[in-house]
Amino acid sequence: MLESHPAEAATPLLDALQAELADRARLGLLRQRRVLHGMQGVYVEIEGKRLLSFCSNDYLGLASHPSLISAMRDCAVTTGAGTGASHLVSGHQQAHEALEHALQTFMGLPGVLLFTTGYMANLGIITALCGRQDAIFADKLNHASLNDAALLSRAELKRYAHNDLTGLERLLAQSQARRKLVVADAVFSMDGDLAPVPALLSLCERYDAYLMLDDAHGFGVLGAHGRGVLEHFGLDSPRIIYMATLGKAAGAAGAFVAGPTILTEYLMQTARPYIYTTASPAPVAAAAMAGVQLIEHDHARRAHLRALIADFRASCRLQRWQLMASETAIQPVVIGSNEEAVQVSKRLLEHGVLVPAIRPPTVPRGTARLRISLSAAHTHEDVQRLLDILHRLEEA
């Protein structure tokens with residue numbers, strides 16, 4: 001430890017930061033990391049304990065799939081560990097190109113552009129498309145990256161109440177902006193519900209706006225073939241700008257934007273988070289390719305996940321705590337206070353089950369919750385074990 005290091009000497013800035021951290025601790029908002037040993041999966045090892053995990057967004061159980069591991073290993077042998085340059089210099093390798101083409105075919109969309117992360121993709125898309133003369137209309141429960149991107153773009157930001165189509169239409173009707181962009185999570189990451197995408201698209205068509213969808217939690221899971229929210233609703237429109245990630249259902253890392261080729265070409269030329277960063281390692285792209293292939297062909301995983309979701313909701317008998325309305329793999333249980341949510345999470349941990357307590361500012365004040373993430377790698381027995389413990393804790 002380096003507590004005596006000169007960098008640890010007190011300064012006004014460090015004193016102020018320490019005071020803010022103390023306030024967070026007092027309010028039950030201080031976050032901590034846990035070190036996971038071994039692979040991500042249904043069972044994980046933390047501090048020597050084997051825990052049943054309902055934490056990860058590995059919705060199809062592909063993060064530790066042998067096909068992804070083999071693809072990553074084989075690619076690393078021929079490409080090395082890192083790319084050493086941005087995509088537009090010399091970092092765009094054959095694995096990246098192959099993945100973009102595979103995603104074009106899989107999604108049935110002509111243009112695809114890879115990004116390092118979903119956060120970077122959202123920053124890149126919104127700041128490239130919107131500026132001071134434009135307006136962004138954002139759901140109040142959107143992911144932080146969408147909010148940050150809107151602020152960074154310097155466009156006029158109008159936020160509407162969650163899934164409030166009437167409020168959104170009023171804002172669109174009043175706007176005189178040069179370009180109007182409606183932005184929404186396709187699946188809301190902390191509530192698990194879906195955006196009313198067909199109705200959003202209808203409003204965009206009526207008011208000459210465009211619709212950007214962050215389908216991080218729908219890609220690979222929704223739709224008969226896992227093509228996400230667009231397949232789920234049967235939508236195809238040049239007004240839709242589609243973003244999805246490769247680090248959740250696909251089991252690897254990264255993200256992509258899909259839509260018209262003019263859109264992706266424009267983003268390649270202008271999106272600063274794409275231009276000014278080192279390309280992600282080619283082995284990661286190879287693993288993502290293997291994940292996309294499994295999404296396309298292994299329908300049994302999605303079917304099993306849907307059965308687990310139905311089983312969980314049918315068997316949940318919570319009364320004091322609120323199971324939110326969600327038909328996705330994200331099943332939030334609202335506890336209310338920060339302190340009680342953290343305490344319930346700790347009690348679950350004592351019973352060998354890992355479920356995160358989600359608190360403000362990630363969720364609205366007074367709605368601290370357990371965010372239960374189901375995976376196709378879980379069994380019905382795993383789900384029943386979780387529910388049995390939750391029911392006992394609520395009654396205690």
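Backbone N, Cα and C atoms are what each Cβ position is placed from, and that goes for glycine too.
Cross-referencing His96, His101, His143, His297 against the substrate binding annotation in Swiss-Prot, which names Arg31, Thr362, picks out His143. The candidate list Thr78, Thr79, Thr83, Thr245 contains one residue that Swiss-Prot assigns to the pyridoxal 5'-phosphate site with Gly118, Tyr119, Ser189, His217, namely Thr245.
In the structure shown, across all protein chains, Thr245 is the one of the binding-site residues Ser189, Thr245, Thr362 with the greatest number of other Cβ atoms within 10 Å.
Here His217 (pyridoxal 5'-phosphate binding site) is positioned 23 angstrom away from Arg31 (substrate binding site), judged by their C-alpha atoms. When the alpha carbons of His143 (substrate binding site) and Gly118 (pyridoxal 5'-phosphate binding site) are compared, the span between them is 10 angstrom. Among the recorded positions Arg31, His143, Lys248, the residue whose Cβ has the fewest other Cβ atoms within 10 Å is Arg31.
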